[in-house]
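J.: Quick one: this structure, given as C-alpha cells, is what I'll be asking you about.
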C-alpha cells in the first residue's frame, strides 16, 4: 500500500520541480503554431501565435574587437595583479595555446580549471585612454528573455557603456551606463533597476552597483537587468505574464526595447583599485572577461516556433503562410490581406493573424462584415460562406428556407417560374446596370430578390438593397472591384434560385 503512495508523491514532486525549473526563464510558452480541430465542415486547422524557445544566444553570434589588435599576446606580455603590483607572474602569449587569451574564450564552456578568458593589452600608453569596443552580432533580430551577464576575470571596469542596435549595427543607442562615479563620468544621477517604475522602464540609467573593484567571487559580474524590468508588469516572480503580454502587444516601444540585432560593450576605463593610476606599474591595468551570457530567442513575429542555424545564419522556420528571416511578410499568393505580427492575446493561445490566399482573378470574397453582409442573423465564416440562422438559406442567407413538402407552394402559387439564366446573360445584364444606373427587375417578394447590389459611381461604390419601393443606400467603400462584385452577387443569386416571378420597371 505504501509504494503506490510514494510513487504518486514522487510524480507530483517531479512535476512541480520541472515546472519551477522552467518558470523563471520560460516567460511564456506559445510553442504550438497550429493544431487540427473538428468543425461542422470537418477537420480544420486552428492557428495560434507561436514563438521559439528561449536559449543561449552566444552560440550563434560573431564577435568583433575595436581596435582589432587590442588582444594581448602579440608581442608576449607579463601582467601584475591589481591588488599586488609586485606579483607579476601572469603571462599572455598568442603563439602558445596555454597562454593565449583570444576573444572566443568569452563564450566557451565555463567550469574548466584554470579559467579561460579573453584579455586585452595592458595600459602601456597611459595617459591615453585604454578603450575597447566588443561588438556581438547575430545578423538576426533577437528578443532578450533574461539578464545580460558579463563576468570579469580582472577588476570590473570603472567606466563602461552597454549599447544596442536594431538595424544590424548601423545605429546604436545606450542600454545602460556603468561607473564608479556616474556624475563624474557621465553627468548622470546614479540609479538602480529597482528605482524604475512602469512609467520609467524605458529610461536609460547609470548605475554604480557593478563598478567596484572585486574582492569576492560574486563581485566579478556586471548585469543588465531584463527580468527586473519584466517584473514591473508581471510581478516579482513573473507570475502575472498576461499583464506583460498585454503591454508587449500594445506598446511597440516596449517590445523594441527588448529586441536587438547587435550588442556593443564599450570598455572606457579599466579598474585601477585606487584614485590615482600607478604609472610605474601600468601592467596592472587591463580588461579580462571570462564569460558573457545572453539569453533570448529568435524574433519570428509570433509566426514560428523554431529557429534554425544554417550556413552561419539564424532564420525562423515560418508558419502561418509567412516567410523571411523574421517571418515578416506573407508568402507569394498569400496577400489576401496585409501582413501583421501575431498577438499574445487572448491568453493562452494568442491570435495568429495568418496570411490568407490572394484572390485569384477579380472575384471578391463571398461575404464579409462591410460590403457583403450575411442577412437575417447569419454569420460570415472565413469570408467563404455564410452560416445561416434556422429558417433561412441562400448565399447570403437572404431567403426563407422551405421546411417540408407543400410549404413552398404558397410562395410559388400564381407565379411564373423564373428559369435559371445562363452565365452569359447574367454578365450582360450586370454590365448593363452600371453605365445606366439601372437595377435588375426582380419580384417584389423579399424572398425572391437579391439582397445587395453594388453600383459604381465616379469615386465610390454604393451598396444598395432592392425593395418594392425602389432602392435604399446602405453604405459605401472603394470602387476597385465594384463591377465585379455586382456581377458576382447576381451570379450567386441566380444560381441559388429555382423560381420566382419576374416584374417589370
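Using N, Cα and C of the backbone, Cβ positions are placed for all residues, glycine too.
What you see is a predicted model, and the numbers here were worked out from it, not measured in a lab.
Sharing the feature lines straight out of TrEMBL:
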DISULFID  388-397  disulfide bond
DOMAIN    46-297  domain 'Laminin N-terminal'
DOMAIN    363-398  domain 'EGF-like'
SIGNAL    1-19  signal peptide
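Describe the structural context of each listed feature in the structure shown, including burial, neighbouring residues and relevant distances.
T.: Remark: residue 388 (disulfide bond) has 374, 376, 377, 378, 394, 397, 401 as non-local neighbours, by Cβ distance under 8 Å and separation of at least 6 in sequence.
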J.: Can you tell me how many other Cβ atoms are located within 10 Å of the Cβ belonging to residue 397 (disulfide bond)?
T.: 25
J.: Take the domain 'Laminin N-terminal' (46-297) and average the pLDDT across it for me.
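T.: Average per-residue pLDDT within the domain 'Laminin N-terminal' (46-297): 92.
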